[in-house]
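These features come from Swiss-Prot:
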type	residues	note
TOPO_DOM	1-140	topological domain 'Cytoplasmic'
TRANSMEM	141-161	transmembrane segment
TOPO_DOM	162-187	topological domain 'Lumenal'
TRANSMEM	188-208	transmembrane segment
TOPO_DOM	209-224	topological domain 'Cytoplasmic'
TRANSMEM	225-245	transmembrane segment
TOPO_DOM	246-279	topological domain 'Lumenal'
TRANSMEM	280-300	transmembrane segment
TOPO_DOM	301-310	topological domain 'Cytoplasmic'
TRANSMEM	311-331	transmembrane segment
TOPO_DOM	332-337	topological domain 'Lumenal'
TRANSMEM	338-358	transmembrane segment
TRANSMEM	361-381	transmembrane segment
TOPO_DOM	382-390	topological domain 'Lumenal'
TRANSMEM	391-410	transmembrane segment
TOPO_DOM	411-414	topological domain 'Cytoplasmic'
TRANSMEM	415-432	transmembrane segment
TRANSMEM	436-456	transmembrane segment
TOPO_DOM	457-480	topological domain 'Cytoplasmic'
TRANSMEM	481-501	transmembrane segment
TOPO_DOM	502-550	topological domain 'Lumenal'
TRANSMEM	551-571	transmembrane segment
TOPO_DOM	572-606	topological domain 'Cytoplasmic'
Amino acid sequence: MLETDHSRNDNLDDKSTVCYSEKTDSNVEKSTTSGLRRIDAVNKVLSDYSSFTAFGVTFSSLKTALLVALFLQGYCTGLGGQISQSIQTYAANSFGKHSQVGSINTVKSIVASVVAVPYARISDRFGRIECWIFALVLYTIGEIISAATPTFSGLFAGIVIQQFGYSGFRLLATALTGDLSGLRDRTFAMNIFLIPVIINTWVSGNIVSSVAGNVAPYKWRWGYGIFCIIVPISTLILVLPYVYAQYISWRSGKLPPLKLKEKGQTLRQTLWKFADDINLIGVILFTAFLVLVLLPLTIAGGATSKWREGHIIAMIVVGGCLGFIFLIWELKFAKNPFIPRVYLGDPTIYVALLMEFVWRLGLQIELEYLVTVLMVAFGESTLSAQRIAQLYNFLQSCTNIVVGIMLHFYPHPKVFVVAGSLLGVIGMGLLYKYRVVYDGISGLIGAEIVVGIAGGMIRFPMWTLVHASTTHNEMATVTGLLMSVYQIGDAVGASIAGAIWTQRLAKELIQRLGSSLGMAIYKSPLNYLKKYPIGSEVRVQMIESYSKIQRLLIIVSISFAAFNAVLCFFLRGFTVNKKQSLSAEEREKEKLKIKQQSWLRRVIGY
């Protein structure tokens with residue numbers, strides 16, 4: 001299934017289209033780094049080494065081994081990520097810093113937002129696996145610091161360093177599968193690294209309960225420590241088939257040398273060119289913008305008084321100014337902007353970026369306090385609430401597998417994106433209906449299943465459309481942009497949900513239960529669940545309060561889901577083929593064919 005047509009290498013120099021002039025094509029060739037040329041050479045070996053047939057589909061043996069290793073790596077790093085996310089609460093609590101968990105999550109989101117594009121650019125220059133090893137070093141150092149630190153500041157630093165490595169794994173896995181797969185199989189291939197979510201969703205909770213808790217307060221250190229061993233071993237399994245393919249390519253004389261600098265360049269010139277290649281100034285401006293805008297949202301936490309404090313206002317104002325400077329830099333001065341200028345006129349990329357942001361934002365608003373709502377308003381246990389809250393990730397991954405297989409035989413990704421976007425609105429509507437215990441937990445579970453299926457139909461098929469709109473040279477960079485926007489949507493959604501929750505819930509509880517009890521329940525709702533079981537008068541008032549706030553959250557989520565459904569109609573409905581990427585001529589032919597279709601076919605994408 002994961003068969004790539006290597007004729008794309010000849011198509012990169014195509015100069016026959018109107019839109020992509022001879023100058024543009026020469027720029028593409030010029031910008032093809034030694035890392036990308038090495039990637040192409042290794043991919044050819046991976047595809048041509050040997051093959052076998054199963055289920056009527058031809059598979060490359062070495063490529064299949066690499067993808068199986070990628071699956072194992074995804075299982076180990078995914079499990080480590082889920083466990084780290086859970087035990088950081090226990091770790092912070094052991095240092096008496098439980099209230100700082102929100103700040104940790106915000107900084108992690110910012111890190112994940114800003115490192116994706118630099119990782120993509122560096123991997124284009126030096127190679128995917130070479131960059132993967134660099135990410136592994138950061139990940140392992142972060143895990144070691146987190147496991148051994150005697151202070152909370154050390155824990156914070158370790159978690160942030162670990163996030164630098166983990167975010168690299170996510171980007172590089174997607175870029176690697178993009179290198180190895182044709183567009184028709186891209187949706188399925190991109191999900192290989194995330195398929196283990198299907199398993200980890202159900203086992204991570206049991207592992208967390210065994211390495212964290214009150215019985216052994218510092219046992220959480222093992223939750224970090226064991227992955228200092230597991231992840232490097234799984235990485236070795238991933239590296240071996242790729243390095244073997246590199247060796248075969250080198251032995252045949254087809255592996256280009258890795259150029260760290262051009263002939264005649266000084267060290268200073270080399271470093272300056274490297275800074276230009278990864279758009280270092282843009283990265284710094286983008287990072288500062290996110291920190292100064294998103295961090296105040298977390299610090300203020302929706303409390304009106306804090307929004308009026310000088311340092312909050314100053315951070316937001318300065319952040320907004322830096323955001324404006326960042327836009328000017330990207331449009332006027334950056335030699336290698338985040339969005340390559342050759343694609344500035346392509347609506348598919350902008351619509352996809354906006355959809356990625358809007359869908360994740362609306363989804364995070366719904367998910368942010370779902371565990372608390374399940375325990376307070378539905379009477380679910382901690383383990384049950386955690387598993388229900390993970391249904392989205394589970395169903396999204398399952399749906400990605402099915403959609404990925406279907407796209408191999410029906411190569412029209414936009415159809416699935418449109419269907420998923422409309423289904424997402426229906427799912428959010430069901431969540432609005434089934435939001436308290438009186439409506440039944442089965443209804444809420446059903447609604448979460450619908451939303452999860454919708455997410456699986458939207459994300460990777462939409463990414464496939466974006467990949468069809470770009471060349472291989474820019475594929476990793478555009479993927480990094482999509483990942484960055486995803487994380488920004490996640491952070492903004494959490495901030496909006498926190499603002500609504502903080503400003504409205506306390507007032508509701510105080511109005512219904514009085515100042516003393518209302519504030520006590522607001523601060524620690526889980527401490528009162530056994531004292532006031534479902535059916536008691538106090539619990540009834542708690543359920544009514546939480547139901548009212550959940551209603552507001554779902555209304556906001558529905559609004560964003562509806563906006564996402566409108567946006568999906570503006571994507572270009574490319575028909576994808578077995579090539580790694582479309583040539584400029586093929587893209588222009590596809591655009592012309594789409595223009596000649598009826599308006600209904602253009603909107604739906606079939």
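Placed from the backbone N, Cα and C atoms, the Cβ positions cover glycine too.
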When counting Cβ pairs under 8 Å to the transmembrane segment (361-381), the leader among 141-161, 280-300, 311-331, 481-501: 481-501
Folded-back contacts onto the topological domain 'Lumenal' (246-279), same chain, C-beta under 8 angstroms, at least six residues removed: 33-35, 37-38, 41-42, 44-45, 49, 117-118, 121-122, 125-127, 334-338
Range from 280-300, 311-331, 391-410, 551-571 with the greatest count of C-beta pairs under 8 A to the transmembrane segment (481-501): 280-300
Secondary structure content of the topological domain 'Lumenal' (502-550), with strand meaning DSSP E or B: 39 helix, 2 strand, 8 coil
Three-state composition of the topological domain 'Cytoplasmic' (572-606), taking helix and strand from DSSP: 18 helix, 1 strand, 16 coil
The transmembrane segment (188-208) and the transmembrane segment (436-456) contact flag, 3+ Cβ pairs under 8 angstroms: no
Secondary structure content, the topological domain 'Lumenal' (332-337) (per DSSP, counts of residues): 2 helix, 0 strand, 4 coil
Secondary structure content, the topological domain 'Lumenal' (246-279) (per DSSP, counts of residues): 17 helix, 0 strand, 17 coil
Other parts of the chain folded back onto the transmembrane segment (391-410), taken as Cβ under 8 Å at six or more residues beyond its ends: 1, 184-191, 194-195, 197-198, 201, 363, 367, 416, 445, 448-449, 451-453, 455-457, 459-461, 464, 576
Contacting positions for the topological domain 'Cytoplasmic' (457-480) when only residues 6+ beyond its ends and CB under 8 Å are counted: 8, 12, 28, 31-32, 36, 40, 116-121, 123-124, 171, 174-175, 178-179, 183, 186-187, 190-191, 338-340, 342-343, 346, 348-349, 352, 355-356, 359, 396, 399-400, 403-404, 407, 413-414, 416-417, 419-421, 423-424, 564, 568, 571-574, 576, 580-582, 584, 587, 590
Folded-back contacts onto the topological domain 'Lumenal' (162-187), same chain, C-beta under 8 angstroms, at least six residues removed: 1-5, 39, 43, 46-47, 63, 66-67, 70, 73-74, 77, 80-81, 84, 107-108, 111-112, 115-116, 119-120, 123, 128-129, 131-132, 134-143, 146, 193, 400, 403-404, 407-408, 411, 413, 460-461, 463-464, 467-468, 472, 475-476, 479-480, 483, 576-582
Beyond the flanks of the topological domain 'Lumenal' (382-390) by 6 or more, those residues with Cβ under 8 Å of it: 201-202, 205, 209, 367, 370-371, 374-375, 444-445, 448
Long-range neighbours of the topological domain 'Cytoplasmic' (411-414), counting only residues six or more past its ends (CB under 8 A): 183-184, 187, 461-462, 464-465, 468, 568, 571-577, 604-606
The topological domain 'Cytoplasmic' (457-480): DSSP-derived helix, strand, coil residue counts: 21 helix, 0 strand, 3 coil
For the topological domain 'Lumenal' (332-337), sequence-distant contacts whose Cβ falls under 8 Å of one of its Cβ atoms, 6 or more beyond its ends: 121, 276-279, 281-282
